[in-house]
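First the structure, in the form of structure tokens, and then the observations on it.
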Amino acid sequence: MIGNARMSQKYPTSSSRKRSPLSSGKYSAIGLLAYCRPGFEAECAQELQNIASLQFVYGYSKIDKGTGVVFWRCSQGNPLDVYKEIEVSRCIFARQVFCALHDIEIEDTTDRVSPVVEALRPGGAFGFLHIETPLEDEAGSLQKLAKKLTAPMSAALRNAGVLSKAKTDELPQLHLVCLSGQHIIAALAVHPNSSALPLGIPRLRFRNEAPSRSALKIEEAFLTMLTPAEREFVLKRGQRGVDLGAAPGGWTWYMVTQGVKMTAVDHGALQQELLEDPAVTYVSDDGYVYKPQRKVDWVVCDIVDKPKRTMERMADWLCYDWTTYALFNLKLPMKTRMDEVEACLQRLQERLLGADIESEVRVKQLYHDREEVTVLALTGHFLTAFQKH
């Protein structure tokens with residue numbers, strides 16, 4: 001936190017939450033396991049290392065490019081200390097993070113259960129078992145293996161006292177991650193350090209009346225970047241908003257479904273049904289030039305352009321008090337993606353500080369994002385309603 005601009009920390013901690021299930025047993029960790037968008041493994045690995053460095057814990061990452069999996073192996077310090085300070089919803093590139101306990105190589109594929117039980121027997125207990133794979137193969141063999149292992153593995157772990165007889169949130173969850181038929185990583189998870197969503201992915205249903213699939217992107221942003229209470233506070237019926245670069249109207253359509261009256265700004269064509277909607281005002285203009293006639297509650301923007309240009313325009317909207325909240329995407333270059341994100345956030349922070357605007361800024365690469373990240377900027381009464389320390 002710098003000055004009086006309350007930007008959310010790059011890697012916010014979870015130390016203020018209630019007593020963690022991790023205090024219920026003894027767990028020995030070897031590192032962190034994270035899932036991210038395939039192709040962004042290097043950025044995710046850098047993010048994990050940055051988080052660990054804040055706790056004076058160090059290690060190295062094992063990356064298989066294109067898999068969306070990062071295994072960060074600790075070489076100095078306790079990775080459990082790092083995991084306790086992670087809140088995955090505040091990570092940028094990691095969509096799921098576990099605390100890795102054991103890296104298990106299966107020598108005899110006729111018995112995958114015994115090596116796992118033997119590795120876990122000396123440690124703490126778990127309240128629930130998930131067997132999963134983040135990897136996709138054409139035959140779905142790993143998914144089938146995970147399903148096949150669940151019943152015998154659960155029974156064996158219960159008999160060994162590793163898994164509780166009944167599901168409980170009082171203990172961490174055990175995740176057995178199948179990276180191949182002979183390679184399993186045993187990891188623990190507690191919420192909100194880890195995502196409660198399978199593989200960290202929200203399962204959203206595309207509605208045929210939506211103008212484009214980008215509607216899923218903005219829906220995911222509101223569902224995952226805000227808590228239910230926060231969402232209820234900032235997104236209300238009767239609000240007014242502006243969608244810059246709106247065509248064909250996916251983001252405008254979603255905001256209208258939430259009861260927000262929208263001004264859709266674009267030289268391109270809007271979906272005909274939206275043009276006829278009384279809650280939508282269409283303005284044929286450049287999204288980077290348009291100025292509102294009066295302050296609105298929301299500005300949203302998904303324009304494909306250089307990230308610094310988008311960020312500067314969004315900073316204008318916030319600093320000139322044209323809007324209370326902003327949700328926008330930054331399209332990232334093929335190289336130096338982490339550097340680009342950090343540079344944009346630093347510049348936004350400078351602009352907000354210069355305008356003496358207190359804010360909270362959250363950044364996330366969503367499942368429905370591509371070569372981009374989504375930024376949520378919150379100002380006004382939100383900051384007093386949801387004090388963060």
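Just so you know, glycine gets a Cβ as well, placed from its N, Cα and C.
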Listed alongside SER214, ALA247, PRO248, GLY249, GLY250, ASP266, ASP302 for S-adenosyl-L-methionine in Swiss-Prot, from ASP286, ASP316, is ASP286
Filtered by Cβ under 8 Å and at least 6 apart in sequence, the residues in the chain of PRO248 (S-adenosyl-L-methionine binding site) near it are PRO211, SER212, GLY268, ALA269, LEU270, GLN271
Comparing local Cβ density (other Cβ atoms within 10 Å) for the binding-site residues ASP286, ASP302 points to ASP302
Across all protein chains shown, the binding-site residues GLY249, GLY250 give the max Cβ-within-10 Å count at GLY249
